[in-house]
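Each remark here refers to the structure printed beneath this line.
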Number of protein chains: 2
Amino acid sequence: MQTLEITPAAEELLLEDAPHQFVFSFHEGNGKNKQLLGGKGANLCEMTQIGLNVPPGFVISTEACLTYLASADKSLPAGVIDQVVENMKAVEIATGKKFGDAENPLLVSVRSGSALSMPGMMDTILNLGLNEDTLQGLLNHTKNERFVFDAYRRFIQLFGKVALGVPDAKFDEVFEAQKHKAGVKVDIGLSAADLKEISRLFLQVVKDVTGKPFPTDVYEQLEIAIKAVFNSWTGKRAVDYRREFNITPQMANGTAVNVVAMVFGNMGNDSATGVAFTRDPGTGENIFFGEYLVNAQGEDVVAGIRTPKAVIELKTEMPSLYQQLEELRSKLETHYKEVQDFEFTIEKGVLYCLQTRNGKMNATAMVRTSVEMAKDNILSKNEALLRIKPDMLEQLLHPRLDSLHKSIPLAQGLPASPGAASGVCVFDADRAELLGRAVEKVILVREETKPEDIHGFFASQGILTSRGGKTSHAAVVARGMGKPCVAGAEGIEVDVKLRQARIGEKTLHEGDYITIDGGTGYVYQGVIPTVDPTFSDELKLLLTWADEVAKLKVFANADDPDAAKKALTYGAMGIGLCRTERMFNASERLPIVVEMILANTEEERKAALDKLLPIQRQDFKDILLAMAPRPVTIRLLDPPIHEFLPGEDELKEELIHLRHLKDTAAGVSNLTNSLRLLHAENSMGALTAFPFNDKGVELIDQAIVKKEQMLKKVHELHEVNPMLGHRGVRLGLTFPEIYKMQIRAVLEATAECQKVHIDVRPEIMVPQVCTAEELVRVKAYVEEIKAEVQAQHNVTPVFKFGTMIEVVRACMEAGELAKEAAFFSFGTNDLTQATFSFSREDAENKFLPLYAEKNILHDNPFEVLDTNGVGKLMKVAVEWGRKEKPDLKIGICGEHGGQPDSIRFCHQLGLNYVSCSGPRVPVARLAAAHASLGEAKNASL
Amino acid sequence: MQTLEITPAAEELLLEDAPHQFVFSFHEGNGKNKQLLGGKGANLCEMTQIGLNVPPGFVISTEACLTYLASADKSLPAGVIDQVVENMKAVEIATGKKFGDAENPLLVSVRSGSALSMPGMMDTILNLGLNEDTLQGLLNHTKNERFVFDAYRRFIQLFGKVALGVPDAKFDEVFEAQKHKAGVKVDIGLSAADLKEISRLFLQVVKDVTGKPFPTDVYEQLEIAIKAVFNSWTGKRAVDYRREFNITPQMANGTAVNVVAMVFGNMGNDSATGVAFTRDPGTGENIFFGEYLVNAQGEDVVAGIRTPKAVIELKTEMPSLYQQLEELRSKLETHYKEVQDFEFTIEKGVLYCLQTRNGKMNATAMVRTSVEMAKDNILSKNEALLRIKPDMLEQLLHPRLDSLHKSIPLAQGLPASPGAASGVCVFDADRAELLGRAVEKVILVREETKPEDIHGFFASQGILTSRGGKTSHAAVVARGMGKPCVAGAEGIEVDVKLRQARIGEKTLHEGDYITIDGGTGYVYQGVIPTVDPTFSDELKLLLTWADEVAKLKVFANADDPDAAKKALTYGAMGIGLCRTERMFNASERLPIVVEMILANTEEERKAALDKLLPIQRQDFKDILLAMAPRPVTIRLLDPPIHEFLPGEDELKEELIHLRHLKDTAAGVSNLTNSLRLLHAENSMGALTAFPFNDKGVELIDQAIVKKEQMLKKVHELHEVNPMLGHRGVRLGLTFPEIYKMQIRAVLEATAECQKVHIDVRPEIMVPQVCTAEELVRVKAYVEEIKAEVQAQHNVTPVFKFGTMIEVVRACMEAGELAKEAAFFSFGTNDLTQATFSFSREDAENKFLPLYAEKNILHDNPFEVLDTNGVGKLMKVAVEWGRKEKPDLKIGICGEHGGQPDSIRFCHQLGLNYVSCSGPRVPVARLAAAHASLGEAKNASL
């Protein structure tokens, strides 16, 4: 539990004799000193001092609060009451009203306000100063008996609860009884007389519970209220809130109290109340955006009994006040350099600004206002950039659920790839392809996915899995394709055979519509409308400003020509990671890859590779051409090859099916073909497409042999910890022909382009390197093939050769590696796994949630780069690498490459580029600019 | 291919005019300069110069060789022939014989000899100087016509082959024809006349092939022979040899030629020849150990036609020569400070020492001679220690196969735990227990083992698996128990159901005898006798000398009281690693652990833990008492808990069996019990022990429910990369009650001992720590429980609290960790896996063999600590840790803790201790001494 801390200043005060300033009028208080005055108090002071017409009032400081709370007898510090009285006099003069006066009574609100916003966590009392006498004065001024008694009964209840500790239930009981008696269902139905009666009864409740009559002395009311607000700082609600949000004493220590004259917009037709934004918060358009009601209170605008008018109508209704409001609007933006969301009240022809704060806007509006405010010289370009949190841009780049449609989620998984999509659920890739072709929108729902499901990805709008984390196959592939994905939704049980999934009591059948939101991880039943992404001219302009100040280049991860072209539209300055194995997954290629894996001899393997060569060459050529003259970093095969084979369980099941089919086929061999087909369909489910002619049994036998071979290979290739297994360069050195094929494909594609003077810039990258010797060996393959390609094409292919740094040992050997490599690319996904000894897939399902909840780790290191561990290794690698080769190009291509904090760290390390998924490129460009600007700012301090 | 390199010195010589010294008599040559004189030449010079009677001779330097080989016309460098002739004169004077003389001819041998020994890789010519004239002289002196012509025909053939390039086959043809003609089967059957005829025919062969008569001029013979030896340096055999053994020009560049006067032990009864060791190489006993034959040649001793006599008999046969031989023996040991293996010849009453080298001895003899030579002041204690390679001691600490019994292995796996054992094979743990109890020696043969097999380990002499590497469960547990283990013998296919294993064409059935050698990884059929280990008084003394100089303490890894007691006998100075989870594996405990794992609530889990608490407490108490007052480092639970459950496949199979049994039981419910039992036995195999009374079906149902629960849990706990999964402190923080139980067990055991003033020293160690915050949390548990134990026992338990450093990030955060920890213990097994991103189990089966073969990695980093990667991380951790806490105790408890090179590195890092398996403790103690002595030596340079 958070304990109360007495600051040294407060302690000193406890010992002091002379009176000390605890109370500050809005004209005196330092608008920047939130620690002393609280956020709200400082804001009121600032508004007052820049000349806005704020209702007069004053702040009682947080120091007063802490001193009070630490006092043995819970008495207000010496001088506070005197200073309050003195300030009340000033308020009386400013308002022309008198506190406790029966003619023209001054009423005040008493509100808490700490340095850090803690919405609703502490207490507020309105209309303080009411008693039987002052009521009359208020009635004279408002001519609204109902309003006055409503205000009165509210004051009694709030004060009773907050200041006197009367349980709310006591009041509610009385209130409900009165409603029943009056025969009304809603509060609004109560008449002035009812409310008057309720006020009377409330006073009785207070007397019954506290044993004392409700205080009628207004200064007594005020003192009790101030103490009550101070006490609320150590109340359960506030303490829990601070614990929940980790608010330390450094962030907010004690609450201030704001005492403000009440103003009323319901004092007649020369009064009004309203709320407004200085610009349209939905679109960012530079128009005055707001609503008001004449002769009304703030809560009437919200209550919806009367329809508020657009603020523009005030122009005709109260032209001079509209003019003042326009001036207010302009003053606010010029001063705050930010779109403001403010409240105003007109009391008898006088405009008051009650509150202002930065307007909450969506990303579209943020971008537009940034650009326009910069053009209008309200902001500098750099301020315009810094105003937008990079992550916010993400909203603009994926379809998202229409926020107008609320719905209760069916299940929740991990938000694995952003964006939202709806479609009918299907439970295997073949069905997805089939139904997807039938122009149905499809969501592929699987326990987990494998490379062989890839055709299902192509056919689907989005992917939902019940197992796996944010680096599961499904997540990574979906992100690469820019499709939404929810992964590891553990509540869902998929039954492929029955073509259904169970979620608790509910069953989803194939064909039922669902909607997934890859930004939140929620899964909904039915179709929820989505909003398409917009890449506006303003955004484009803003990002060119970002590029001008950023030191880091921003590359994209893209695995095929289409993705490369798409990355260009996001402003990618190159490809930082092209995962060549992804090219293996297309449905016409996977069989060749499987053939290669099943090969028993080097010759068989080479024969399969010979078929892959022209395909990869064409892919590389298309990507290189699309990106020319930007660099394209091509990573040689990385994953363990068993990833290209189906799983053991699946193969076993298929074999059972096939054997069953064989028996059946043999058994029905004297039936007609059509009957057999029917029969097979009934007994086989997904395998109906099996060619079932007269040679059926023979074909089935062949299929059985093939599947048995695959099963054997799957056993052979089984690994205990595949993440740390036979993959990357280890595979490349064990089966040199695979890497040689890939290198040849790159260099031939390069030569073909460079021969006709197209400036393509391939960079060959070796994954999983742990020692320089591995690079030396692969470099030898490269040199050998380069010579052959040169001879064949009569042109020297120009390219770079470099290495991933994703193994811890590679960091330790960075100097040696730099001798062999022209560039380094940090693979921080794997590096983080190895540095923490966390398998991401396991950690995110098993213990990372607990580590986050208990704050053992501040951030998920797979989302935010761990600068204390992984970062130190990277620093060492950069230092040692550049010491050996000062012009070493260094980048990052892990997922952290698109995360703003991590990008800032990469900037500080002096990297040359970050690479991230296409849709994160704009985010990264802005973050890179922020990093430069942040450094400049620090340098100027 | 290795190219011939010309040293700068040699190049200079090529340009020089003045004659240069290329030839060195044995009196002149510098016995230390092996680079110039070759190993053999330097040795002959050294022997000569310390006053041993070596036959006179000289060396032609490697410089001469390189200069010759680099010359355009392949001529010997200027001056060589003159210097040879000059030296031959000196030899003539020394021997009283003359080269080419028909009366008393001087014969010489011409032998190659490079700086590095390359046995058999270059050429030798004996008896050079023979021709038709000198033959007569030799006949006169030996009176042995057969010997002379045998020498002659050998000389012609060797010279013909080596110097003139005549194919061996030509000589062999002639030789075989003559044997056929003489009607003899073996060479020894040939008479002097036959050999004379052969010599004649050989001369003809040479003439036929070369077109020239065999050279009769002895100096011509000598020059041709010298050139031939030089040429052999670039011959195919030598080049291949150097490539194979990676011999670089720095190690050996060129060969020298040794020309030595032939001496003959067969010149009559005043001649003899023999070989001897200065001490008994089998036992190390200080006795003169050797054999001789009177009137014989060296090869007669080996040929076995005549039985050689023990050298002691020479005392009576030739007393004065025996006296000289004893003097020689003493002189050799005093000079070489090493047991010598030497050859001698007595020619006509004159003793010659032909060769001496360090005697090859087994470990027993090495230890005894070291201790005795130190006692005799031949060696200092430090020299006595440095003389023995630490690894050699391993021989003394495990049973080993009797080297007298040779056998061809059936299969080979990885040498996973040293020692040898024989027994009948059994294929599951239950059968092992059953048969083991029946007083059978048993070898447990499994595909791989699991913790639930532990009772099978206890019952077995050794373990053989067909899958898994040196850190597989089987390997680690066997090493911990000190039982031999061969792991990952992939050629073996185990079929548990049929109770047999196939190895190629061969089938092993349960009950067949096999022998495994965990030191080599070989598996043999049948029983091969083993030799028991000996831990002699000499070894004990030697190791106390080691402890006196070592800076590192040597601890043992021990998981139970018995192992701790055994570790003491090896001289362990504490326990560096007690793996508490091993205690969970005993067969009466595992069910409780499974109960704990299957628990669905914290209460259920606690109930199971309450049962484990007294068991663990007793274990800890016994270990602490056994080791008092030495430290005992207790590691809290480390492995993922799914390791305590059976595998998925196994459970599925058991469920099939159980369901089948249920059907059967229901079907036969009207049979008698005995019939049912029989029935069950037939259909159930291993499950016959199932209680099968009238409530059978009900019991089966319960078992099915239990197994289904387990299967569900196995699914829940499944991890993609268990090595990087939910284990160690992550588990401890997720299920605090597990760690709390273990901590309580340690502290209660401690309090119980310390209460009665027994000085026990527990150290609680947390595994898999990656951030200081984890330690903070566990420390809070410790403090909480400490307070409780203190209250309960009225004594403050004294202990240390520390952390494993086995996660890379822990190295990076060492400073922070040192704030919380009193000690660090490097877990270099896991740290190596994480640093390389190698899963050991996968790497050792998949690509490490290739990496070793292609020299991509010089050593297997799991055997020899990788100082360039893992070592750098350790260095950083030591520096940062000690910077924060200068007295931080640091050790290592990975397997590297028993590996001499790694121990040296730990010494250099300034660690306080190494911990290794019990039987490695003596090795580590000696290695620790070597490390200190090596440092002292370097410091004195």
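Glycine too: its Cβ is placed from the backbone N, Cα and C atoms.
Note that TrEMBL annotation is computational and uncurated.
Taken from TrEMBL, the feature active site, tele-phosphohistidine intermediate applies to A:HIS473. Remark: A:HIS473 (active site, tele-phosphohistidine intermediate) has A:GLU448, A:THR449, A:LYS450, A:PRO451, A:GLU643 as non-local neighbours, by Cβ distance under 8 Å and separation of at least 6 in sequence. Mapped onto three states, the DSSP output places A:HIS473 (active site, tele-phosphohistidine intermediate) in helix.
The active site, proton donor annotation in TrEMBL covers A:CYS893. Taking a C-beta cut-off of under 8 Å and a sequence gap of six or more, A:CYS893 (active site, proton donor) has these contacts in its own chain: A:PHE555, A:ASN557, A:GLY576, A:LEU577, A:THR633, A:MET804, A:SER825, A:PHE826, A:GLY827, A:SER915.
The annotation substrate binding site is assigned in TrEMBL to A:ARG579, A:ARG635, A:GLU806, A:GLY827, A:THR828, A:ASN829, A:ASP830. DSSP classifies A:ARG579 (substrate binding site) as strand under the three-state reduction.
Residues or ranges marked as Mg(2+) binding site in TrEMBL: A:GLU806, A:ASP830. Every protein chain shown contributes to the tally, and the Cβ of A:ASP830 (substrate binding site) ends up with 25 other Cβ atoms within 10 Å. Secondary structure from DSSP puts A:ASP830 (substrate binding site) in a helix.
TrEMBL lists A:35-73 (among others) with the feature domain 'Pyruvate phosphate dikinase AMP/ATP-binding'. Mean pLDDT of the predicted structure over the domain 'Pyruvate phosphate dikinase AMP/ATP-binding' (A:35-73): 94.
What TrEMBL records for A:82-316 (among others) is domain 'Pyruvate phosphate dikinase AMP/ATP-binding'.
Annotation source TrEMBL lists domain 'Pyruvate phosphate dikinase AMP/ATP-binding' at A:323-375 (among others).
Under the heading domain 'PEP-utilising enzyme mobile', TrEMBL lists A:440-521.
The feature domain 'PEP-utilising enzyme C-terminal' is assigned by TrEMBL to A:539-931.
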> For the domain 'Pyruvate phosphate dikinase AMP/ATP-binding' (A:35-73), what are the same-chain contacts with Cβ under 8 Å, counting residues 6+ beyond its ends?
Replying inline: 4, 6-7, 9-11, 13-14, 20-29, 80, 84, 87, 90-91, 94-95, 108, 111-117, 226-227, 230-231, 233-234, 253-263, 328, 331-332, 335, 350-357
> By a simple count of other Cβ atoms within 10 Å, which of A:ARG579, A:ARG635, the binding-site residues in the record, is least packed?
Replying inline: A:ARG579
>> Less than 8 Å, Cβ to Cβ, versus chain B; work out which of the recorded positions A:HIS473, A:ARG635, A:GLY827, A:THR828, A:ASN829 satisfy that and list them by sequence.
In response: none
>> Under 8 Å for C-beta pairs, could you tell me which stretch among A:82-316, A:323-375, A:539-931 has the largest tally with the domain 'PEP-utilising enzyme mobile' (A:440-521)?
In response: A:539-931
> In the domain 'Pyruvate phosphate dikinase AMP/ATP-binding' (A:323-375), how many residues does DSSP assign to helix, to strand and to coil?
Replying inline: 27 helix, 17 strand, 9 coil
> Here are the binding-site residues: A:GLU806, A:GLY827, A:THR828, A:ASN829. Which has the lowest count of other Cβ atoms within 10 Å?
Replying inline: A:ASN829
> So, in DSSP terms, is A:GLU806 (substrate binding site) helix, strand, or coil?
Replying inline: coil
> Among A:ARG579, A:ARG635, A:GLU806, A:GLY827, A:THR828, A:ASN829, A:ASP830, listed as contacts of substrate, what is the widest Cα spread in Å, to the nearest whole number?
Replying inline: 15
>> DSSP-wise, what's the residue breakdown of the domain 'Pyruvate phosphate dikinase AMP/ATP-binding' (A:35-73) into helix, strand and coil?
In response: 24 helix, 4 strand, 11 coil
>> Quick check: with A:ARG579, A:ARG635, A:GLU806, A:GLY827, A:THR828, A:ASN829, A:ASP830 left out, which same-chain residues have Cβ atoms within 8 Å of the centroid of the substrate site Cβ atoms?
In response: A:LEU577, A:ASP638, A:PRO767, A:MET804, A:SER825, A:PHE826, A:LEU831, A:CYS893, A:GLY894
>> DSSP on the domain 'PEP-utilising enzyme mobile' (A:440-521): how many residues come out helix, how many strand, how many coil?
In response: 18 helix, 29 strand, 35 coil
> Using DSSP, would you call A:CYS893 (active site, proton donor) helix, strand or coil?
Replying inline: coil
